Amino acid sequence: MREIVHIQAGQCGNQIGTKFWEVISDEHGIDPAGGYVGDSALQLERINVYYNESSSQKYVPRAALVDLEPGTMDSVRSGPFGQLFRPDNFIFGQTGAGNNWAKGHYTEGAELVDAVLDVVRKECEHCDCLQGFQLTHSLGGGTGSGMGTLLISKIREEFPDRIMNTFSVMPSPKVSDTVVEPYNATLSVHQLVENTDETYCIDNEALYDICFRTLKLTTPTYGDLNHLVSATMSGVTTSLRFPGQLNADLRKLAVNMVPFPRLHFFMPGFAPLTSRGSQQYRALTVPELTQQMFDARNMMAACDPRHGRYLTVATVFRGPMSMKEVDEQMLAIQSKNSSYFVEWIPNNVKVAVCDIPPRGLKMASTFIGNSTAIQELFKRISEQFSAMFRRKAFLHWFTGEGMDEMEFTEAESNMNDLVSEYQQYQDATANDGEEAFEDEEEEIDG
């Protein structure tokens with residue numbers, strides 16, 4: 001079977017990751033002790049994508065949990081699904097990274113990284129045919145961003161032909177934990193551009209907006225935000241975990257979604273987003289799902305897709321529904337909003353349908369868009385970065401760990417290049433290239 005090894009790094013990564021395991025354990029009928037209590041053969045058919053089956057019929061997540069301080073790990077271990085994970089797969093330091101990317105990437109994190117790689121290697125040896133890795137982390141802190149990107153590059157060295165997929169929580173302007181977030185995020189993006197195959201950009205600000213506006217929560221907690229993220233992660237990985245009509249694995253997804261290797265930053269979305277109490281008052285239809293899912297307010301990244309154009313889109317519909325209706329709706333959306341899809345990639349919307357809906361819903365859909373509007377997110381971080389870097393504010397924390405200012409300059413220019421690449425493809429039209437060819441031909445004739 002095509003296995004995936006899951007890694008969660010840092011506080012945010014561990015909280016989102018653990019929530020993800022709770023959700024998919026529930027979907028596959030795995031109880032907190034790892035026993036199977038489900039009622040459908042479909043739940044077990046592809047269970048070994050994410051779980052190892054132990055000799056005593058216990059299903060164990062194929063996961064490595066990493067942090068530079070013990071706190072988060074303790075709360076995972078004492079949480080509802082704490083007994084699910086293999087005890088040896090908790091790897092933590094004692095010092096913490098103090099929201100410092102350099103500590104996570106060069107000093108503290110580098111000391112712990114070999115222990116993590118040992119666990120990852122062990123998990124990979126249990127695999128029949130490993131398809132790739134997924135990492136959950138945030139880019140604003142120290143461990144998830146610094147050590148997370150270090151792990152990615154080390155794993156890349158050792159498994160160069162496997163897919164590397166990350167769920168990265170981007171720092172947002174309104175919800176800020178630390179002053180140096182723009183530094184940490186820029187240094188991380190610099191790594192992600194080079195070393196990952198697909199990155200789902202999740203943004204706290206967008207999640208807060210969804211909680212306020214759509215779910216009508218007056219005081220959203222991190223628990224509510226993580227609930228949204230886990231619903232999205234569960235949706236994105238559906239076609240890997242359940243037999244569906246379009247069985248995507250990570251590589252097929254990458255082939256469909258990434259037209260240029262550097263432009264692999266996706267905007268996820270989820271529908272239906274209804275507040276907890278109001279679900280019973282409405283029946284969902286495929287047209288409603290499709291409508292909601294392309295709505296800017298349902299995006300988990302704080303970018304407006306109407307400000308850019310979609311290079312590619314993948315959608316996953318879950319629940320009993322007719323394929324024909326789904327295809328008709330998707331075509332309708334594309335023809336109505338054709339200006340928002342680049343015309344030089346025909347058939348750039350892919351649809352997968354899975355018969356098993358998420359817990360508590362009759363039908364649901366997940367959206368993955370590769371849109372040029374994601375540049376707004378990078379622009380925002382880049383502006384904050386430049387404002388501080390111009391004054392060299394807080395830089396001594398990083399140089400003190402052995403970093404060079406040159407690295408900051410490189411990361412900054414790499415991010416700006418990324419923004420202009422997105423802009424270039426946003427402006428490109430189908431006949432741009434032809435004009436260039438005509439010019440060349442004239443020169444040859446001359």
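Including glycine, each Cβ sits where the backbone N, Cα and C put it.
These figures come from a predicted structure and were not determined experimentally.
The GTP binding site annotation in Swiss-Prot covers Gln11, Glu69, Ser138, Gly142, Thr143, Gly144, Asn204, Asn226 and is backed by similarity to another entry. Classification of Asn204 (GTP binding site) by DSSP places it within a helix.
What Swiss-Prot records for Glu69 is Mg(2+) binding site, and it gives similarity to another entry as the kind of evidence. Around Glu69 (GTP binding site), a 10 Å sphere centred on its CB holds 19 further CB atoms from the protein chains shown. Mapped onto three states, the DSSP output places Glu69 (GTP binding site) in coil.
Under the three-state DSSP scheme, Ser172 (phosphoserine) falls in the coil class. Annotation source Swiss-Prot lists phosphoserine at Ser172, citing experimental evidence.
Feature annotation from Swiss-Prot assigns 5-glutamyl polyglutamate to Glu438; the stated evidence is similarity to another entry.
The annotation motif 'MREI motif' is assigned in Swiss-Prot to 1-4 on the grounds of similarity to another entry.
Under a cutoff of 8 A between CB atoms, and with a sequence separation of 6+ in the same chain, the neighbours of Asn204 (GTP binding site) are Val169, Met170, Pro171, Ser172, Val175, Leu225. For the motif 'MREI motif' (1-4), the mean pLDDT of the prediction comes to 82.
When the Cα positions of Gln11, Glu69, Ser138, Gly142, Thr143, Gly144, Asn204, Asn226 are compared pair by pair, the longest gap among these GTP-binding residues is 23 Å. Most Cβ neighbours within 10 Å, among the recorded positions Thr143, Ser172, Asn226: Thr143 holds that distinction in the structure as shown. DSSP assigns Gly144 (GTP binding site) to a helix.
Other Cβ atoms within 10 Å of the Cβ of Ser138 (GTP binding site), summed over all protein chains shown, number 29.
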